[in-house]
Amino acid sequence: MNKENMRVKGIELLDRAYGKWWMMLLEGICLVVICGMTLFLPDVTLSFLVMVIGIYRVAMGVFYLIVGIANRVEYGISNGFSFGRGIVDILVGAAFLLWPTTIISFFVVLVGIWAIITGIVLLVMGGSSLGMGRIVKIVLGVLLIIFGIFTFINPVGQAVFFIVFLGIVLGILGFFFIIQSFSMKKSYKELKKLNEGFKDYDVH
């Protein structure tokens, strides 16, 4: 495959691998909003937080399924990542909404598992990134893993401290997603321009 075809192929890979750039932006905005709730609403409780996260995950799950269907129509193939994540998000969100009392009992542990898994994913992503993005992903990944380990060492802890700390972590992750989404949008536009330029030079 020559360089021109590789660049054109890159446009398709962006959509297939990540969905739409605005999906990542929406994820980031939602996380920042939840962060604001934990920091600026002094009476926020774990039960309220569980309900908010449940609604948030169900909504994002639906969006991921829609993106998966759109990619299937556009490219003629199914997007396993979008479909898989969409289904998992809907199931997790439904569990948060249908069994809030049970979820609260295991909430700290669940958040700890999520933090460790997300942290490991970010470390892997950081290993294949360059520049400032590499540093941000590695630092954020380490912080999430440390936070996850903390929840297992002290699962009860102070509820207020846990909620605030969770909010800060979600806020940092949210801003990271927002920045990455605009970076993805910029890359997409650049690849699209290159694609249009190559079409102008097509020889029939």
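Each Cβ is built from the backbone N, Cα and C atoms, and glycine gets one as well.
The feature transmembrane segment is assigned by TrEMBL to 21-40, 46-67, 79-97, 103-123, 135-153, 159-179.
Between the transmembrane segment (79-97) and the stretches 21-40, 46-67, 103-123, 135-153, Cβ pairs under 8 Å are most numerous for 46-67. Across 21-40, 46-67, 103-123, 135-153, stretch 21-40 shows the highest tally of CB pairs under 8 A with the transmembrane segment (159-179). 135-153 is the stretch from 21-40, 46-67, 135-153 with the greatest number of Cβ pairs below 8 Å to the transmembrane segment (103-123). Cβ atoms under 8 Å from those of the transmembrane segment (135-153) belong to residues 108-109, 111-116, 118-123, 125-126, 129, 162, 165-166, 169, 172-173, 176 of the same chain, restricted to positions at least 6 beyond its ends.
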